[in-house]
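So that you can see what the record holds, here are the features copied from TrEMBL:
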TRANSMEM  A:16-36  transmembrane segment
TRANSMEM  A:124-141  transmembrane segment
TRANSMEM  A:147-172  transmembrane segment
TRANSMEM  A:237-270  transmembrane segment
TRANSMEM  A:282-304  transmembrane segment
TRANSMEM  A:358-381  transmembrane segment
TRANSMEM  A:433-452  transmembrane segment
TRANSMEM  A:490-509  transmembrane segment
TRANSMEM  A:529-550  transmembrane segment
TRANSMEM  A:557-573  transmembrane segment
TRANSMEM  A:579-604  transmembrane segment
TRANSMEM  A:616-637  transmembrane segment
Amino acid sequence: MISSPLNKAHRQLPHGPALLALMLVIPILILGAMLLSSKLPMLWQPPSAAYDPDRMVFLYSTLPRLVMAVLCGGALAASGAILQQVLRNPLASPTTLGIDAGARLALALATLFFPALFGWGRDVVALLGSSLAACLVFALARRQDFAPIPLVLSGLLVGLYCGALASILALIDSRWLASLFIWGGGSLSQQSWQPTVDLSIRLALAAPFAVFLLRPLTLLELGDDAARGLGLPVSRLRLGAVALAVVLSAFTVSAVGVIGFVGLVAPILTRLAGARDFTARLVWSTLIGALLLLLTDLLVQYGAGASSDLLPTGAVTAILGSPILLWLLPRLQASMRPSSGHTSGTRAARLNNSQNRLVMAALAVGLLGLVLVVLFFGRAPDGSWHWLAQTELSTALPWRWPRSLAVASAGALLATAGFVLQRLTGNEMASPEILGISAGSTFAVAIGLFVIGDMSSVEAFLAAMAGAAATLFLVLLLGRRAGFAPERMLLAGIAISALLDAVIGMLSATGDPRSFQLLSWMSGVASGVQPVGAASAAVVAALMLAVTLLARRPIELLALGAPSAGGLGLNVRSVHLLLLALAAIATAAATPLVGPLTFAGLIAPHLVRLTGVRGALPSLLGSACAGATILLAADWLARVCAFPFQLPTGLVACLVGAPVLLWLLQRRA
Amino acid sequence: MSLDYGLAETLLMLDSAPIAVADARGWKDWVAQPTLPISTVDCGVALDPNLELLSTLKPDVILTTEYLAMVEDRLTVVAPVRRLSIFSEGGTPYPKAVEAALALGELIGDRDRAQRYVAESETYFDVCRERARPFSEKPILLLSFLDPRHVRVYGAPGMYDDVLKRIGLRNAWTEETNYWGFSTIGIEALAKIGSAFAVADHLPQDIQAVLDQSPLWNDLPSVSGRKIPVLPTVLMFGAIPSARRFAGLLLDALEGAAA
C-alpha cells in the first residue's frame with residue numbers, strides 16, 4: 001500500500017514519463033520560437049557600437065532567466081521527489097518543511113534590524129534563514145526518529161510560525177518590506193548571469209549526494225522494518241535525505257524566492273505517468289519539473305509582453321498548478337502510516353477524580369485572576385503603568401471588556417477545535433490552523449479587498465465567513481471519498497492552505513498597499529470589536545463547548561480506534577463528519593477575531609494533558625479554560641508591550657505558545 | 001486627529017497641528033518635513049489604532065482615507081470620522097490633495113488660510129517651473145529599489161507624476177500605474193526607456209553594490225555607469241506639502257548632477 005499508491009495509473013500509461021515530457025516540450029518549443037526566434041541571431045552577430053536595448057535584455061535578462069527557470073524547476077522537483085519518497089506522503093513538498101518561511105523571516109529581520117547583513121548578499125541571508133528553520137524542524141522531530149508525520153507537522157508549524165512573524169514585521173514597519181512580497185511571489189526576473197552561475201555551482205555541489213541516496217531510498221519502500229532488517233540505518237537515512245531535499249530547495253529559494261507547486265506537482269505527475277521505481281521517479285521528476293517551470297515562465301513572459309507590470313512566476317505556477325493538484329487529490333491514496341505509533345503520551349501521572357477537580361479549580365482561579373489584571377491593570381495615556389482608578393472605570397472599561405471577552409472566547413473556541421482534532425486524529429500536532437479554514441477566510445477577504453476596494457469591517461467579516469464556509473465545503477468534499485478519515489482531511493487542509501497562500505502571494509506581489517490591509521486583517525481585529533460582537537463570540541463559544549460536551553461519549557470511543565469503536569455500534573463516518581464540522585465552525589468563528597494564526601488550539605489541550613488531567617469532560621473544559629487564558633494573556637501583552645502600538649494578538653499568542661510547545665516536544669522521550 | 005500622514009502634514013501647514021497622528025514615531029523616516037510637534041500623541045498603527053488612548057484624547061474629528069475603511073466602524077464610537085481620500089480610484093492625486101486641503105480649511109474654520117496655502121503652493125510650483133526649464137529636455141525616471149532585481153517606478157496617475165507635469169518636466173515612465181502612482185517591475189523593463197535622468201528615492205547599499213556589477217544596469221542609457229542620485233526622505237503618498245518638498249528635492253538633485 002505504501003510503495004505504489006498509484007497502481008491504476010501505472011497500468012494506464014506504460015511509457016508515461018517520456019510522453020509527458022514530450023507533451024511539455026512541444027508547447028515550450030512553440031512559445032520559445034515565438035518569443036526568441038527574432039533575437040537568436042544576436043548571439044553570433046557582433047555588437048553594434050550604439051546602445052541596443054533588445055540585445056542587452058536578451059543577453060542579460062531573457063537568457064539567464066530561461067536557464068534559471070530550468071535550474072529552479074529541476075531542483076525543486078528533485079527535492080519534492082526525495083521528500084515524497086522519504087516521508088511517504090504524496091503531498092510532501094519543499095514548502096511543507098517551512099524552508100521558504102524561514103528564509104522570508106530572515107530577510108524581514110535583516111531588512112529591519114541588520115541591513116549590514118545584506119553585505120554578504122541577500123541570498124546568503126535567505127539561506128541562513130532556511131537552514132535555521134530546517135534545524136528547528138529537525139530538532140522538533142528528533143525525538144520521534146524523524147518519522148514522516150511528525151516531520152511534516154513540525155515543518156508545517158515552523159513554516160506557519162516564521163511566516164506569521166515575517167508578516168507581522170511587515171505590518172508594523174511596512175516601508176520597504178514590500179520587497180518581501182515580491183520575493184514571496186517568486187519572480188524569475190534577471191539582469192545578469194551572476195545569480196544563475198551561483199545557483200548552478202551550488203546545485204552541482206549538492207547533486208552527487210542524490211546519487212548516493214538512490215539505492216537506500218529505494219529500499220525504504222519495503223517499509224521501515226524490512227529496511228532495518230537489511231541493515232539500513234533508517235532514521236539517519238531519512239535525516240540525510242530530508243537534509244538534501246532541504247538544501248536543494250533552500251538554494252533555489254534563496255536565489256529567486258518562493259516557487260511553490262513545482263516541487264509538489266512534478267513528482268506527482270511523474271508517478272501518475274507511471275514511473276515505477278524511485279530512480280526513474282527522481283530523474284523524470286527533475287526533468288518534468290524543469291520543463292514545467294520553463295513552460296510557465298515562457299507563458300508569463302509571453303503574457304506579460306504587452307504590460308510590464310510584474311507577474312511573479314512562482315505565484316503563477318501555483319495558480320496554474322492548483323487545479324492540477326485538486327484534480328489529483330482524490331486519485332492519491334494518502335499512504336500514511338497508522339497514527340497509533342504516536343498517540344497521546346502518558347508521561348504525566350494520571351490523576352484521580354478529586355485531584356482532577358483540584359487542577360480544574362486552580363485553572364479557574366488563575367483565569368479569574370488574569371481577568372482582573374487584564375481589565376484593571378495597564379498603561380495610562382502617558383505610557384506609565386497603573387491600576388485603573390475609580391474615576392477611570394467608565395472610560396477605560398468599555399474598551400477593555402469587549403476585546404478581552406472576544407479573545408477569551410476565541411481562545412476557548414480554538415482550544416475546543418484543537419481538542420476535537422487531536423482526539424479525532426490521535427495526532428498531537430493537529431491544530432485548527434491546518435484544516436485550511438483560516439486560509440479560506442483570509443482568501444475571501446483578499447478577494448473582497450481587491451474587488452470591492454474600500455471594505456468595511458462588516459463586509460470583511462461576512463467575506464471571512466463565506467470563505468470559511470466555502471473552504472469547509474471543499475475540505476469535506478475532498479475528504480468524502482476517504483470516509484472523512486482524519487489524516488486525509490488534514491492533508492487536504494494543508495494542500496488548500498498552501499494553495500490559498502500562493503494566490504494571496506500573487507495578489508500582493510505587485511506591492512499594492514491593499515496587501516497591507518489584508519495583513520492587518522490577518523493579525524486579528526479583536527481591538528475593534530463592539531460589545532455585541534464580543535457577546536456573540538462568547539455565546540458561540542459556549543454553544544460549541546456544549547455540543548462537544550454532548551459528543552464526549554463518541555470521542556472517548558474513537559480513542560479505541562475506528563474499528564473497535566465501529567464494533568461498539570458507533571457510526572464512525574458520521575461521527576468523523578460531525579466532529580470535523582464542529583472543529584471547522586469553531587475555527588471559523590475564532591479566525592476573524594484573532595487572525596488565522598495562533599497556537600492556542602494546539603497548545604491548550606497539551607497543557608491540560610501535562611497536568612495529568614484525563615477523561616474527555618475535564619480535558620475539554622480544561623483545554624477551553626487554558627485556551628482562553630493563553631489568548632487573554634497574549635492580548636494583554638499585545639496591548640501593553642509596545643504601547644501605544646497594539647501588537648497583533650495572534651502573533652503574541654504564538655510568541656507565548658512557541659516556547660511552551662518546544663518544551664513539550666522535548667519532553668517526549 | 002489624523003490617521004493619515006498626508007492629511008496630518010496638510011493640517012500642519014494650516015497651523016492647526018493634529019493632537020494625535022497614527023504611527024507618529026515613523027514620521028521622521030517617512031515624511032521628515034514638515035516636522036511634527038513633540039506634543040503630538042502617537043496612537044499606534046493606522047490600521048489598528050489604539051482606541052482606548054484615542055478616547056481619552058477626545059478628538060473633535062478623526063481623519064481617515066479610503067485605505068482605512070476597515071477601521072472606520074470602530075472609530076465612529078470615539079468621534080465623528082471624516083474621510084478625505086487623496087489616493088483612490090479615478091483622477092490624479094494632486095487635485096484631490098487640493099480639495100482635501102480646502103476641506104480641512106473648512107473643518108478648522110479657516111477656509112481663507114487653506115485657500116492662501118493652495119495659492120501659495122501654485123506660486124511655489126511656478127517658481128519650480130522656471131528652475132526646471134534647463135532640464136526639460138530629458139525625461140525623468142523615478143525609481144525606488146526594492147531588491148537587486150526589482151524596482152518601483154513612479155508614473156501616472158500619481159503624485160510624483162502630477163508634480164513633474166506641473167513643473168514642466170516629462171516622466172520617462174509612460175505606462176499606466178496603479179492609483180498609488182507606481183508599478184513594480186523587473187529592472188530589465190527599464191531597458192526600453194531611452195535617454196532619461198534616473199533618480200531614486202530609496203537605494204540601499206547592498207543593492208547599489210549588486211547593480212554596479214550588472215552589465216544590463218550599467219548599460220542603461222538612463223544610468224550609463226554613473227551613480228544615480230538618491231533623494232532625501234520624502235513622503236511618496238502625501239499631500240501638498242510632500243508634493244512641494246519633492247519638487248524642491250528633485251530640482252536640487254538635477255542641479256547637483258548638472259554642476
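Heads up, the Cβ atoms here are built off N, Cα and C, so glycines get one too.
Where the annotation comes from TrEMBL, it is an automatic prediction and has not been curated.
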Any contact between the transmembrane segment (A:124-141) and the transmembrane segment (A:579-604)? By contact I mean 3+ C-beta pairs closer than 8 Å, pairs at least 6 apart along the chain. no
State the residues, same chain only, that lie 6 or more residues beyond the ends of the transmembrane segment (A:579-604) and have a CB under 8 A from a CB inside it; answer 'none' if no residue qualifies. 157, 160-161, 164, 406-407, 409-411, 413-421, 423-424, 429-433, 435, 437-439, 441-442, 460-461, 464-465, 468-469, 472, 475-476, 479, 484, 486, 489, 521-526, 529, 537, 540-541, 544, 547-548, 551, 554-555, 623-624, 626-627, 630-631, 634, 648-651, 653-654, 657-658, 660-661, 664
Most Cβ pairs under 8 Å to the transmembrane segment (A:16-36), of A:237-270, A:282-304, A:529-550, A:616-637, goes to A:282-304
For the transmembrane segment (A:529-550), which partner among A:358-381, A:433-452, A:557-573, A:616-637 gives the most CB pairs under 8 Å? A:616-637
Considering the transmembrane segment (A:616-637), which listed stretch of A:147-172, A:282-304, A:358-381, A:433-452, A:557-573 counts the most C-beta pairs under 8 Å: A:358-381
State, in range form, which of A:282-304, A:358-381, A:433-452 has the highest count of Cβ pairs under 8 Å to the transmembrane segment (A:147-172). A:433-452
